[in-house]
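Okay, structure first, notes after.
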Amino acid sequence: MRNARVISLEGIYKINEEDGFSNLVVNTLLNKSNLDKRDRSLATQLIYGVIRRRNTLDWIINKFASRQVKKMTPWVRNSLRLGVYQVYYLDKIPAPVAVNETVEAAKSKCNRGAIKFINGVLRNIIRNLDKINYPKLEKDPVQHIRYKYSQPQWLVERWVKNYGIDKAIEIANNLNKIPATVIRTNTLKTNRDSLIQSLVEDQVTAEPIALVPEAINLIKYPSIDRLKSFEEGKFQVQGLASMLVAHILAPEADDRVVDLCSAPGGKTTHLSQLMNNGGQVYAVDVHQHKLELIHENCTRLGITNVETICSDGREVSFTEKIDKLLVDAPCSGLGIMAKKPEIRWQKKPQDLLELQQLQAELLENGAKLLKAGGVLIYSTCTFTDEENIDIIKGFLEKHDNFKLVDLSQTAQSFGLTEYLTEGTLQLLPDDNLIEGFFIAKMVKSGNE
Ligand SMILES: C[S@@+](CC[C@H](N)C(=O)[O-])C[C@H]1O[C@@H](n2cnc3c(N)ncnc32)[C@H](O)[C@@H]1O
């Protein structure tokens, strides 16, 4: 039988060895399985936990195994990661049980020799748990952070260089926390207090979040898409920092707005909401299948002012000029690594350069579509200068008809002044509520 650990092992393998995406892998495996609620939750915890802590787990395995992780076969190294994760991080599972269960799961993937090896290494580790230590912080901060907080070396080097050692540790640690589930009240259908009341009636523990007027933190909840208030379209799941974007673009009820990279529609639907379902929102995305998600969300939320357009945002054009435009660009996603832990292993420094080019080209076309006096927002869910402030600087150098709108006042009103960077907002993954996120606002001058 494929129990929770066999399924976890398959998920970990798919993400680590085949560059799978954690959310898709977990959903697919769980939907195909017949695990009960408890085992589904265990498998989810094990998959996300192992991916998140991979560097730390490999460090420990390398200390106690006769062969380095890199030289092991993929099923062996991932079985060991699964075993060590339970032994080192999960107090609720007694270590001998964790070892036995992992070895049993590995039997479906490995030969007898490999099973003996896995068993030996895991038993060696449980005998020596108190001997696990990391490179010394004082001697080598990068290696210390890399292994203790399970992050790739290139990112740790950047964080130490840009923010100093203490902040780098804070960032690395925050990105290992289990992220909060934040929802946005659909003010077209309800208000936040009434929604919280409906949620409580549905056995959900929910709290308003002061930062954004529509935001609610779901602390304890059963499956979201089975909640009555979800089916009734009273809320949308959305990251807290993402919710700032529509407020900062501040569309009017009769505006023509373009969301140039719009799927799955988190910000599109928020814009519609702030426009009271008036005016027109054009939701552009290059992937047709992702536009279907916008349709689904709009139908559920009761939104009727959105037109979806399947097109490359670098090429799309409109007959009439646009009042407000959002470029929520494809990016490295380093700000949301708490939610998608595999990003840290899958993204490489060279990816940033490719993304940079696409981001600049999207912004370039977006700028053309705007009318004089129109407002342009550029946002990403990452915190690398190449994808953020450098893009804005490069753009403003080329376009003297665009001016940066200083976000100081906005930052003050949201209580986010510590994140102001040269008039833009560069949020860092601060605790388990705020994602790493970038927002720049510009206005087009002239009299077209
Ligand atoms: C950061 S996500 C957008 C998230 C969305 N704004 C939201 O709030 O739900 C970036 C989106 O850009 C889309 N994309 C990638 N390349 C594109 C292109 N050349 N033109 C338009 N969209 C593109 C991706 O399909 C992806 O859906």
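Cβ atoms here come from the backbone N, Cα and C positions, even for glycine.
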From Asp254, Asp323, Asp328, the one annotated by TrEMBL with Cys261, Ser262, Ala263, Pro264, Gly265, Gly266, Lys267, Asp285, Asp312 for S-adenosyl-L-methionine: Asp328
Ala263 (S-adenosyl-L-methionine binding site) to Cys381 (active site, nucleophile) - Cα separation in whole Å: 14
Pairwise CA distance, Cys381 (active site, nucleophile) versus Lys267 (S-adenosyl-L-methionine binding site), rounded so that it is a whole Å: 13
Cβ neighbour count within 10 Å of Asp312 (S-adenosyl-L-methionine binding site): 14
Gly265 (S-adenosyl-L-methionine binding site): tally of other CB atoms within 10 A of its CB: 28
Sparsest-packed among the recorded positions, when each Cβ's other Cβ atoms within 10 Å are tallied, from Cys261, Cys381: Cys261
Pairwise C-alpha maximum, in angstrom, for the residues (Cys261, Ser262, Ala263, Pro264, Gly265, Gly266, Lys267, Asp285, Asp312, Asp328) that bind S-adenosyl-L-methionine according to the record: 19
